[in-house]
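Trainee: Encoded as structure tokens, here's the structure I'll be asking about.
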């Protein structure tokens, strides 16, 4: 019999998360019962949502799966996992220490700087996702962007569902009440993904990154108009610089494509609309759930699941079926490997961003997100041999710096409020 003890530190109260583990042998399932002892605080944080009731988690396979649990708990609570065993254990990846009572203290191999690791994972996954999509759409010359989006979302649904059923993550059940509330958000979400695919096929990665700054301008205007939110002078100055960089970048773009720029402008409108609509609908959506909250994993499952029937409908409307039936790409195993990896990368962005946000602060998360555009733009130019000029390079650099200035202005604005 093993007992795993995990301490939870919460601003309003302190509690103890106890995981009771029973393992017959390495080949048998490991049953983990999770309870909360002496917890008097209000469980309002999404990361504490799944602790509101006693749950049973089933891990198939060897006890090395506990390392994944350790990683997940560190992501959610920033607290080390300690395993106290009364009998000998054979961990595939771990170290054994003797306690004062001559009992084995089993501790998984620790990651000493999880903030750095989570930041690198977030940057790598977000950059790789865009680069892989660009490679599929331009490198392979794949002309079915909606089908690509549909397959990526299907991969995400399968992975999240498996993790949820295995008890590794917690998701809200998809009720009709929740679906009805979320449908307007999902329509915008699907349009945002599709226009992103269409624009990325015709525009180089660096210019897509700069043009996406226009989203911040539309969002800021929407926040002021719909929610009466005040923005200080620094924020508006940064937004003006973003507009200037986008215009100068388009003028000096040697590979300018009017169709691609049109799709990207539509994408900026839809992305800003998604952000604003999400803010308006979120409170209602939380009330439509059984727990009264909606965590990151539930939103990923909800968005991607609802996007499947709408995606199938759009595949038929845009007549991508004829292209899919004739293209030789679907007969290449490497192509399937690449598009499947893009689906995993899309999901990895959700997991790593959540992990990174819990390991650091919102300030660090925002700045890293802005700085991450620099290596992405450079990689996009070098990997795809994008023709450029000194003026266009300066415009791109100017846009990246404007993005950093905007992030710092937003941080300063939040700290003052």
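The backbone N, Cα and C atoms fix where each Cβ goes, glycine too.
Here's the feature list from TrEMBL:
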- 117-397: domain 'Sugar phosphate transporter' (DOMAIN)
- 115-137: transmembrane segment (TRANSMEM)
- 149-169: transmembrane segment (TRANSMEM)
- 181-200: transmembrane segment (TRANSMEM)
- 206-228: transmembrane segment (TRANSMEM)
- 235-252: transmembrane segment (TRANSMEM)
- 258-276: transmembrane segment (TRANSMEM)
- 297-318: transmembrane segment (TRANSMEM)
- 334-357: transmembrane segment (TRANSMEM)
- 364-384: transmembrane segment (TRANSMEM)
- 390-407: transmembrane segment (TRANSMEM)
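Describe each of these features in terms of where it is and what it packs against.
Mentor: Under 8 Å from some Cβ of the transmembrane segment (181-200) lie the Cβ atoms of residues 130, 133-134, 137-138, 145-146, 148-149, 153, 208, 211, 260-261, 263-264, 266-267, 270-271, 273-274, 277-278, 281, 284-285, 288, 302-303, 306-307, 310-311, 314, all in the same chain and six or more residues away from its ends.
Distant neighbours of the transmembrane segment (258-276): 185, 188-189, 191-192, 195-196, 198-199, 201-203, 208, 211-212, 214-215, 218-219, 222-223, 226, 250; these residues of the same chain sit at least 6 beyond its ends, with a Cβ under 8 Å from one of its Cβ atoms.
Packing against the transmembrane segment (297-318) from elsewhere in the chain are residues 144, 146-147, 149-150, 153-154, 156-157, 160-161, 163-164, 169-172, 174, 178-179, 182-183, 185-187, 189-190, 193-194, 289, 347, 350: each is 6 or more residues past its ends and has a CB under 8 Å from a CB in it.
Within its own chain, the transmembrane segment (334-357) has Cβ neighbours under 8 Å at 75, 114-115, 118-119, 121-122, 125-126, 128-129, 132-133, 135-136, 140, 148, 151-156, 159-160, 296-297, 300, 365, 368, counting only residues six or more beyond its boundaries.
Remote same-chain partners of the transmembrane segment (364-384), defined as residues 6 or more beyond its termini with a Cβ less than 8 Å from a stretch Cβ, comprise 115, 119, 122-123, 126-127, 130-131, 134-135, 138-139, 204-206, 208-210, 353, 356-357, 396, 400, 403-404, 406-408, 410-411.
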Trainee: Output the single range from 115-137, 149-169, 206-228, 390-407 maximising the number of Cβ pairs under 8 Å to the transmembrane segment (235-252).
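Mentor: Between the stretches 115-137, 149-169, 206-228, 390-407, 390-407 has the largest tally.
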Trainee: Cβ under 8 Å, sequence separation of at least 6 from the ends of the transmembrane segment (115-137): give me the contacting residues as numbers and ranges.
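Mentor: For the transmembrane segment (115-137), the list is 75, 145, 148, 197, 200-201, 205, 208, 335, 338-339, 341-342, 345-346, 348-349, 352-353, 355-356, 359-360, 364, 368-369, 372, 375-376, 379-380, 383-384.
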